[in-house]
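Annotated in TrEMBL:
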type     : residues         : note
ACT_SITE : H323             : active site, proton acceptor
BINDING  : H366, E372, H402 : Fe cation binding site
BINDING  : Y381, H402       : homogentisate binding site
DOMAIN   : 37-310           : domain 'Homogentisate 1,2-dioxygenase N-terminal'
DOMAIN   : 312-464          : domain 'Homogentisate 1,2-dioxygenase C-terminal'
Amino acid sequence: MPPLDNPKEYQNIFHWAETQKDGSIPSFRTRKNDPYEYQAGFDNIFESEAVPGTIPQGQNSPRNVRFGLYAEQMTATAFVAPRHLNKKAWLYRARPAVAHQGFTDLPDNKDTESCFLPLNPRVHVSPTQLAWLPFDIPSDGEVDFVGGLKTIAGSGDPTLREGLAVHSFLCNKSMAKRATVNSDGDYLIVAQEGNLDIQTEFGMLYVQPGEICVIQRGQRFKVNVEGPTRGYILEVWGSNFQLPELGPLGANGLANARDFLHPVAKYEIEKAPWEIIYKLGGKFFKSTQNHSPFDVVAWHGNYVPYKYDLTKFVNVGSISVDHIDPSIFCVLTAPSRDPAAPLADFLIFSPRWDVASHTYRPPYYHRNAASELMGLIYGEYAGRSDSFQPGGVSFECGFVPHGVAYEEFKAASAAPPPETRISQGAVAFMMESSRPFTITDWAWNSEKLHEHEPKMWDDLVDNFSTFGAEVEKLLSEKAGR
């Protein structure tokens, strides 16, 4: 769904939740075709009951939970982690997660990767700017979300508890009686083509192109699709996503906490064979059980999956001169052990005004320490080649120089540009890290891979030499002082 410029268009797509039977008015806004209810906020202590009166009062694990349910705690941090970092949730369910029939190894998926250390012969280091055309969604046979995972790049290893991976998912089938859980880290899922109807232990999330969701480590979920579906995943190990600090911006702006939506409890009681696909150490394992893993009647805690609509991002920028650094486009960040360098940032580039005076408007020529992997959700994005299409990928490692061709430089330098609206009808994103990426075999050998053509910069002429006489005069005057 393209970003909107007219407030009336927002009214057509978003709606305020209707007043509830108890007279309360939930403080959230959703897209009109989203069938589910949510709770708004970020890093809150939430609670939800599908059956009123289920959650114990005054304690978490009474001798008898109401309705004969089992109390199960999901602890995501060390027990003694500081309060502001401590992550946990209490789930009240028909059967605890321990009720399963053991684990079996699954064959290695050659299209996924977890070890990105250069000693791994299945990953590649490249200083070249790389790009991929949109990856094909399967048309032969049925492929679900887990079967359609393909790893593009990453850094580190999940067993080291610090690192990240970037995946694509390409599927055409819903997960039937099949759920998955990532025991390595958190998934930030970007819907690009097709809607994702995600069932989690905490409730339902409906994620459409232009929205993202975060499913955290250890949380079981199932992805239903409505047809050919494609998207991206940023996976982080040893860290959780959080809102970036706003600093001098103050209390508001960028991704506002109230626009993040969390599910409400919805349980499924079903006696039928189920498969749970576990990812651990980058390998996949299967566990079977004879009941639904989504039998949670109520829950409370701050370790909950969530989603966010990227069209609600509040852009900021210069209203005088020059560009502000691209950190102003950060939606979520995952800190690393280095306080000055994040493990991963998720940034977006959406419609906004460019009004800086006396300023070279295109992205300035740049070399920076971060690895940058970009994708396009919809629309057209200036600043990349014509081959940068929705569903595609563009990558450059740290300190590789980048910038526009001479024709654009010359045009932008020749005349003062008017105030202009940029990225109209488009949303692009960047997955950025302080760590160097290596590229997987699957991406390296893909027929969709192409390199940025260096000839686009051949016409960057030496303008400085045309001012030789003027420069000599100035140097002579300086020497004569």
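Just so it is clear, glycine is given a Cβ too, placed from its N, Cα and C backbone atoms.
Everything TrEMBL records as a feature, shown here on the structure.
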{"residue": "H323", "record": "active site, proton acceptor", "Cβ within 10 Å": "17"}
{"residue": "H366", "record": "Fe cation binding site", "Cβ within 10 Å": "15"}
{"residue": "E372", "record": "Fe cation binding site", "Cβ within 10 Å": "22"}
{"residue": "Y381", "record": "homogentisate binding site", "Cβ within 10 Å": "21"}
{"residue": "H402", "record": "Fe cation binding site", "Cβ within 10 Å": "18"}
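Rounded to the nearest whole angstrom, the C-alpha distance between E372 (Fe cation binding site) and the residue listed as 'active site, proton acceptor' is 18.
Compute the center of the Cβ atoms of H366, E372, H402, which mark the site for Fe cation; besides them, the chain residues with Cβ within 8 Å of that center are P363, R367, N368, E396, V400, P401, G403. A separation of roughly 16 Å, to the nearest angstrom, links the Cα atoms of H402 (Fe cation binding site) and Y381 (homogentisate binding site). Across the structure, the residue listed as 'active site, proton acceptor' and Y381 (homogentisate binding site) place their CA atoms 18 angstrom apart. Cα of Y381 (homogentisate binding site) to Cα of H366 (Fe cation binding site): a span of 18 Å. Restricting the average to the domain 'Homogentisate 1,2-dioxygenase N-terminal' (37-310) gives a pLDDT of 96.
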